[in-house]
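Features as listed in TrEMBL:
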type    : residues : note
DOMAIN  : 63-145   : domain 'Lipoyl-binding'
MOD_RES : LYS104   : N6-lipoyllysine
Amino acid sequence: MALRNLAASALNASGLRALSHPFGGADFALKVAGSAAARAFGTVAEGCKYAKSHEWAKVDGDVATVGISDHAQSELGDVVYVELPEVGRKFDQGETFGVVESVKAASDVYAPVSGEVVEVNTELSDKPATINTDPYAGGWIMKLKMSNKGDLSKLMDAAAYKAEISE
């Protein structure tokens with residue numbers, strides 16, 4: 001609760017606004033206010049699917065590699081800590097699986113698809129800033145063995161996500 005309050009205060013002070021979680025619940029996701037500023041932030045990787053809460057999933061067979069988008073890391077600022085989930089833990093789509101903390105805010109991170117954690121990026125424990133420098137490759141957070149490929153239909157492709165962050 002304290003992290004959410006701290007993050008909400010940081011968001012308000014920075015001119016950002018909190019949004020409802022796209023899969024339900026009252027937790028926030030980061031979004032920049034104003035379309036001109038949104039267009040200036042980051043890249044969108046082709047071949048990934050995106051949640052409105054700014055997580056991405058790249059699917060290979062029945063395994064989804066998951067991380068936060070370049071847009072999200074830009075909004076957070078310098079990442080200083082990543083809470084990784086435990087291997088073997090199961091998550092439903094939209095469920096909180098960890099926290100990313102930066103010098104500006106802390107944000108819950110949500111599973112874009114349902115599944116069981118089969119691998120985590122332990123490199124982030126020592127080098128959390130990799131999320132800032134390489135969010136779609138070295139900055140991945142976890143790999144999930146998907147339990148419901150239908151979850152992918154609830155996510156945006158790269159073009160739709162680009163439109164979402166430029167609104």
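Glycine is no exception: its Cβ is also placed from the backbone N, Cα and C atoms.
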Notebook entry, point to check: So how many of the residues in the domain 'Lipoyl-binding' (63-145) end up helix, strand or coil by DSSP?
Noted result: 15 helix, 35 strand, 33 coil
Next item on the list: Give the number of CB atoms, excluding that of the residue listed as 'N6-lipoyllysine' itself, located within 10 Å of its CB.
Entry: 19
Checklist line | For the domain 'Lipoyl-binding' (63-145), mean pLDDT (0 to 100) | finding: 98
